[in-house]
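All remarks here apply to the structure that follows.
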């Protein structure tokens, strides 16, 4: 696995909403190269949210590949993820990509790992990137101890992670699917 510096991505599912939030920092080694990167996207006719951690060029390659799989599978998230994982494991160039994705539709949230694995979180929260575990811990506390909505939990948790992780900043970009 790779050392995923320069990002934090968090997904929160609560009630009929799913939100994904990410910070805007891009680092090269110990240098901040950019502070306002957009690591969250909508895919397949705005029905799927996706966020990436890892090497930017690799992540865009994965976004493009995943979007193609979504089109081929008529927007079915689980089937598209399985098809992408199959290709990821058999294509030598894809196995060298250093990126991870969190993808979510109205029913499912998945983590697509850097080695072609598909992980479905056992609860309503998922995180990746260097600040992911800080954001996940904050999100768990907020999820279980407040009535905050999914988007508010995601944004607050990212801000907490940014206070702790040097590879995460406070330039938060978030999006949500309502009535998920």
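Heads up, the Cβ atoms here are built off N, Cα and C, so glycines get one too.
Quantities reported herein were computed from a predicted structural model and do not represent experimental measurements.
Under the heading active site, Swiss-Prot lists 7. Taken from Swiss-Prot, the feature Na(+) binding site applies to 162, 165, 168, supported by sequence analysis.
Note: the CA-CA distance between residue 165 (Na(+) binding site) and residue 7 (active site) rounds to 9 Å. There are 30 other CB atoms within 10 A of the CB of residue 168 (Na(+) binding site), with all protein chains counted. Put simply, the residue listed as 'active site' is 10 Å from residue 162 (Na(+) binding site) when counted between their Cα atoms. Between the CA atoms of residue 168 (Na(+) binding site) and the residue listed as 'active site' there is a gap of 6 Å, rounded to the nearest whole number.
For the recorded Na(+) site, residues 162, 165, 168 set the reference point as the centre of their Cβ atoms, and the other residues of that chain within 8 Å of it by Cβ are 8, 23, 25, 130, 131, 134, 135, 158, 161, 163, 164, 166, 167, 169, 170. Figure note: comparing Cβ neighbours within 10 Å for the recorded positions 7, 162, 165, the maximum is reached by 7.
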